Amino acid sequence: MSIYDLVSPRERHLKWRSLDAVEAAVMILCGIALGGFTASVFLDVTTRTIGRPWLYLQEVTGHFFVWGVFLGCAAATRRNDHLFLSAVTETMRGTRRRFFEIFNRGVVLAVSFCLIVFGYLNFVHGFGSKRMPSLTPEATLTAAIPVCGVLVMLFTIEQMVNGWRNGFEDPPAVLPADGGPAPPP
């Protein structure tokens, strides 16, 4: 199994192969963050139950959770697995579908711009606040917001450009000459 097996084969016509490594890396980091979140919650509950709490676990849990959520948002954007108006646009064809797909992604692009701008401002202000008890700057937590914004913007532009060039409809499956199942994309 290669790391590229983590890349979703759906909607290949909307993706650039050069960003497959980025999607795979984001999926791995998201998995590590959410796995770390689960493990740290388990350890936090266990150590508190036995009366020997680890004070740093609250910080670790928070960092894993925030980074996992924001990296998951970026991964879902590339894979088109997020809450989206795609169910409405999938029934449309031609120019009408193109308009609504571009409009939907334009809204996502505007949100990603806000994530970048306001997330960066929050990140910069985070150096003035420290998390207790480790005194780690809040910026280590809030850095996930502009990182998510950049990735979402990159993946959204990728889909808009490829959708404009190739259309947003899935290309028809090509059946092999022997009548067997179509090969995976």
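Cβ atoms here come from the backbone N, Cα and C positions, even for glycine.
What TrEMBL says about a protein is an automatic prediction, not a curated fact.
TrEMBL has this to say about the protein:
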type: DOMAIN; residues: 38-165; note: domain 'Tripartite ATP-independent periplasmic transporters DctQ component'
type: TRANSMEM; residues: 21-43; note: transmembrane segment
type: TRANSMEM; residues: 55-76; note: transmembrane segment
type: TRANSMEM; residues: 102-121; note: transmembrane segment
type: TRANSMEM; residues: 141-157; note: transmembrane segment
When the pLDDT values for the domain 'Tripartite ATP-independent periplasmic transporters DctQ component' (38-165) are averaged, what is the result?
-> 90
Count up the helix, strand and coil residues in the domain 'Tripartite ATP-independent periplasmic transporters DctQ component' (38-165) according to DSSP, in that order.
-> 100 helix, 4 strand, 24 coil
